There are 6 protein chains.
Amino acid sequence: MRGNSELRPLSMEIGVQLHADGSCLVKLGRTHVLCAASLEERVPGWMKGRGTGWLTAEYGMLPAATHTRTDREAAKGRQQGRTVEIQRLIGRSLRQAVDLSALGERTLTMDCDVLNADGGTRCAAITGAWVAAALALRSRGLEAALVRQVAAVSAGIVETGEGRRGPVADLEYEEDHLAAVDCNLVVARPLAGGEAALVEFQGTGEGRPFSRAEAEALMDLGLAGCERLMAAQREALG
Amino acid sequence: MRGNSELRPLSMEIGVQLHADGSCLVKLGRTHVLCAASLEERVPGWMKGRGTGWLTAEYGMLPAATHTRTDREAAKGRQQGRTVEIQRLIGRSLRQAVDLSALGERTLTMDCDVLNADGGTRCAAITGAWVAAALALRSRGLEAALVRQVAAVSAGIVETGEGRRGPVADLEYEEDHLAAVDCNLVVARPLAGGEAALVEFQGTGEGRPFSRAEAEALMDLGLAGCERLMAAQREALG
Amino acid sequence: MRGNSELRPLSMEIGVQLHADGSCLVKLGRTHVLCAASLEERVPGWMKGRGTGWLTAEYGMLPAATHTRTDREAAKGRQQGRTVEIQRLIGRSLRQAVDLSALGERTLTMDCDVLNADGGTRCAAITGAWVAAALALRSRGLEAALVRQVAAVSAGIVETGEGRRGPVADLEYEEDHLAAVDCNLVVARPLAGGEAALVEFQGTGEGRPFSRAEAEALMDLGLAGCERLMAAQREALG
Amino acid sequence: MRGNSELRPLSMEIGVQLHADGSCLVKLGRTHVLCAASLEERVPGWMKGRGTGWLTAEYGMLPAATHTRTDREAAKGRQQGRTVEIQRLIGRSLRQAVDLSALGERTLTMDCDVLNADGGTRCAAITGAWVAAALALRSRGLEAALVRQVAAVSAGIVETGEGRRGPVADLEYEEDHLAAVDCNLVVARPLAGGEAALVEFQGTGEGRPFSRAEAEALMDLGLAGCERLMAAQREALG
Amino acid sequence: MRGNSELRPLSMEIGVQLHADGSCLVKLGRTHVLCAASLEERVPGWMKGRGTGWLTAEYGMLPAATHTRTDREAAKGRQQGRTVEIQRLIGRSLRQAVDLSALGERTLTMDCDVLNADGGTRCAAITGAWVAAALALRSRGLEAALVRQVAAVSAGIVETGEGRRGPVADLEYEEDHLAAVDCNLVVARPLAGGEAALVEFQGTGEGRPFSRAEAEALMDLGLAGCERLMAAQREALG
Amino acid sequence: MRGNSELRPLSMEIGVQLHADGSCLVKLGRTHVLCAASLEERVPGWMKGRGTGWLTAEYGMLPAATHTRTDREAAKGRQQGRTVEIQRLIGRSLRQAVDLSALGERTLTMDCDVLNADGGTRCAAITGAWVAAALALRSRGLEAALVRQVAAVSAGIVETGEGRRGPVADLEYEEDHLAAVDCNLVVARPLAGGEAALVEFQGTGEGRPFSRAEAEALMDLGLAGCERLMAAQREALG
């Protein structure tokens, strides 16, 4: 059995989407997310003429990515609330990686599509999207706009079930289901050197409220987990 | 000037919506939110036959609630991502207040509509919604289903501007705009007695990442602020 | 019991929406409508370059405003036919109050949101919106664009039930339900002096057709009722 | 030139839609509306089990029916406010023609589609829809459910332009454009014998408010015009 | 009984839509389609500045055109897949009739609305739309932009039922229902002289796959049928 | 250079979507489509109680699958016409593979999502979907419901450009762009033995009309190409 702070087996394959400016297929156990970065020479209307760029993100799940088939959002004509919430989180997180002034009047769009879902898809999406963004900026000679490395991991407090117990990192779907408390942590480290710090901490007591001590234990797990993810990101970029 | 941990002037008026099972107009400075609770004898299709109830929340802003008029979502035919994110937060938070089994096959719908927006509307909505929910359950003889008191407050780290500096509680719009880091904290305390604990902690480094120490300072402010809000909630309920 | 031509207790509170250019919370018995006027320095695309302005209106009901909760239109992604019909009526009526050429290339948007519904919400909305519009124009030094005072009242013919009978003014929900014939009258009076006259007369025989004599009796009630509403409007404006 | 109270040349052709339970192509000058009645053995969910029926109406315009092409509502994914308002008027009007209890648990759906628009399309739709409804009920042996004859005509007060002046009946598009006041009148007469009376009177002062005397002159024109339309309806039914 | 290669009785009436630049009501047996062409002095955004024009098509069915009433797409807020597929086919087919460079920066919009449906509506729409397009171009002095004559017919292989058997042209609804294989053929002939050739061939084995020989038999029927339709088109244009 | 009848390098990887009942990632040159089959124990409402099943298909493209990023349909709230047309084609084609009576009251949903697009995505989707469907039926002991093998290929007539000329099979995006005529062929072969035959032939003369001889040449290419695809399908299934 995995240790409480251990992540699932991890791989990152780059260049999977042939037309994208950057792409990365991230696999964390049975969670597989395809991330692409597209750099376009335009900004949204409300940003025109300011000389700075924008970064936005979209998230989706293939209908067959889940245990029982999920309705296709394009066919229903409406994104679910969960989807909207996740893509806002990805966008906010990745905007911490990029210096939008250095980007110029360009938009970097991150597309994160889940091919297989087994818990932690939003965190895997952020981690993979950072690799795709880095590749896209490099391929266009805009490395200078990349100012922080960003990764994300989930953690939670599991009180029942047969597997790991207590505060554990990188929850699978089954663990997530059993967790009394779960959270998503996004961590950033300046590329110019310096400490890793939190970009987002979203902790939720779905089963019961949680104490400050528990929140701190989850932060510890998250910061450690992101260290390991960041090593893998650097390796994927070569 | 307000102290860093001081909340804005606060009032809660109950019974404002005449047909609702419970309602509360909460004012926190210039942020005014009208909260209503409607108890219906039905549950969503996927819950039928389980003998337990459901609680859901919707959030809206009157178009003229903001500094420049906001488009009416009903007219645009689509709720904004921000709206969706907020109403999911309100729902999750209030579900910690209610024992859904004790509710029986009923749905409690919380409607939170912002009449005036000056920062912290989602927290004010949660705080007011708890009062409305308590009134609704009381009016229907279902007090036993109310198991925790729930309140919420925002906090942030302000580094520029002329007013409060450092970690401050209950941000106004102008402060929120200047904050490098901001967060929303939802706190619950068991009605049967016991410690207050966190239900949600959502911290975001919009301006820069934040350290664990900063996260802890914000939690301190939030827990203290919710203490004061909970006293006001009890007073409003009489 | 109220007399047949008597209106319900009436109040108008101004300045309720802090950011609006003008606002008025009108209460007519248990019908409460919050009206706001927002003046923007733009006109719709099809009006650009003509040098004249535009006035448009939107109407909504808070979900808990009605006896049993109404679905939120923003969540359903579509305004009901009734809503669309009402906001068109409010817009047409208020356009009779304003000289659009004197307004210049500006748009005055009226938002009328029902907090509590007990019959006559569209008429209350028109009456309150006129006050909000007058405040907005005054606050921007555009009083000259206000050329007529506009108010509205409902009337109907009630044949059954325990309360008022025959042609009665200002129907409550219960009376409206019992009325064989009902109508909405919008009345305007030139601010420069002159007779009040009709802007809209919409009479509907839901229960049975109605004679010309009945139509005339309803007009009498409406003109008289609007006199009283106009006195209250002037008082609210101070 | 037509007299002030004179209608445009009128024809009604029945049986134009081969599958409809009843259909009528009504031509009033250059305004051509195709009306169909479909009788289905079902009622809306909220009416089930009451033993009574329902009548509803839908209205549309072919894109090329107007002087400059109008966007197709099906392609835009949304009906215009004007469309919604008109189809509600047609439905209310025709429900006065039918005894819904005698209809049984059936729905009569009226489809009114404008092939050519030159003013007065909603009135022509009502007049033609009544013929289609009568044919549908007759073809299914439900004549007993038809209790009133219903027709509609527009009228207005024209003050400028080269044609008719003053209160005139049955406005063409060009006259409607010039009219200071216009209205739509729907009239019903019991089939069992008795006086014609008003079902709807919708008068609007688009150019200026109108007096009670003017409202009465328009009612006179409308009642007289509907007399002539009702004669033509009876002739069309043979 | 009709011969296997015989078309249904055919008529084309022009000028039916008074405001359209060109219109044609085509009747093929009990299938009646009203086609209009509107020529507007604009092109879609993505075509601006190229000096060439565009042709697009929209298709609809009146709700009462079918045996049992079809829901109105405008009311549902969404066009069916079948509708979208058909209007794309009409557009592609008619673009073969027009030299878009000779059209200049104009858009020719074809509206095809089915008044009565008895099989073959998409083919009738193409055949009638060509007449409407020719009239529109003629009325604006743009005959030079019309370079090919275009018509369409359906064909299929019927194996059961009491009527025609084997490969048959111009299927009625009942035959279409019984056909194992059906297809739609669009044929074009250069106006400057030359052979007729295929613009579209869409063959579908709904009941069973079909051989190459069968495909060829259907093409023969289609080419012959379109000859006859083209003669009728020329006659309609005078 | 590839020969005119030669297909692009081909691979099929099965089991890529872990939760799907069957899945296949088909790669044809730089066109990569992920196909999944989900078998659910329900049928659409209109089919209930007939004892037979249903097969339906949905198609999508990841936004970064194309040369310049395509808008996400889920975010726009509407599928494009092209998408709708393609998913209808996939559904019709695959329904020829399955005996719906032998399926029982179950629905087989095919999801075809394009990861990389370089021409021929709809044909690759059909070819891959057949493999996914076969796997799904096999995994549920429903092999008997699979009655035909189905594959699809594109072909076209290329007249310009530097590569292949004349009638060519399996067009890349660049060739498709240059083709005067293109078509999609779907071919089926009975699993019980027998000849391959056409399920769909869709030929379009986008650049110019095409002769019967050209149509026949394209059919030859298509039938031969599908032979080779069917061999690869059998190999993928092992």
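The backbone N, Cα and C atoms fix where each Cβ goes, glycine too.
Because TrEMBL annotations are produced automatically, they should be read as predictions rather than curated entries.
As recorded in TrEMBL, the features of this protein are as follows:
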{"type": "DOMAIN", "residues": "E:6-134", "note": "domain 'Exoribonuclease phosphorolytic'"}
{"type": "BINDING", "residues": "E:ARG82, E:GLY120, E:THR121, E:ARG122", "note": "phosphate binding site"}
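Highest Cβ count within 10 Å among the binding-site residues E:ARG82, E:ARG122: E:ARG122. The phosphate site is set by E:ARG82, E:GLY120, E:THR121, E:ARG122; from the centre of their CB atoms, other residues of the chain with a CB within 8 Å are E:TYR59, E:ILE86, E:VAL114, E:ALA117, E:GLY119, E:CYS123, E:ALA124, E:ALA125, E:ASN184. Helix, strand and coil counts under DSSP for the domain 'Exoribonuclease phosphorolytic' (E:6-134) come to 43 helix, 41 strand, 45 coil. Non-local contacts of E:GLY120 (phosphate binding site) by the CB criterion (under 8 A, 6+ apart in sequence, same chain) comprise E:LEU28, E:THR31, E:VAL153, E:SER154, E:ASP170, E:LEU171, E:GLU172, E:ASP176. Once the Cα atoms of E:ARG82, E:GLY120, E:THR121, E:ARG122, the listed binders of phosphate, are compared pairwise, the greatest separation found is 13 Å.
Looking at the domain 'Exoribonuclease phosphorolytic' (E:6-134) alone, the prediction's average pLDDT is 96. For E:THR121 (phosphate binding site), the count of additional Cβ atoms within 10 Å of its Cβ stands at 26 [all protein chains shown]. Those binding-site residues from E:GLY120, E:THR121, E:ARG122 lying by chain D, with Cβ under 8 Å from one of its Cβ atoms: none.
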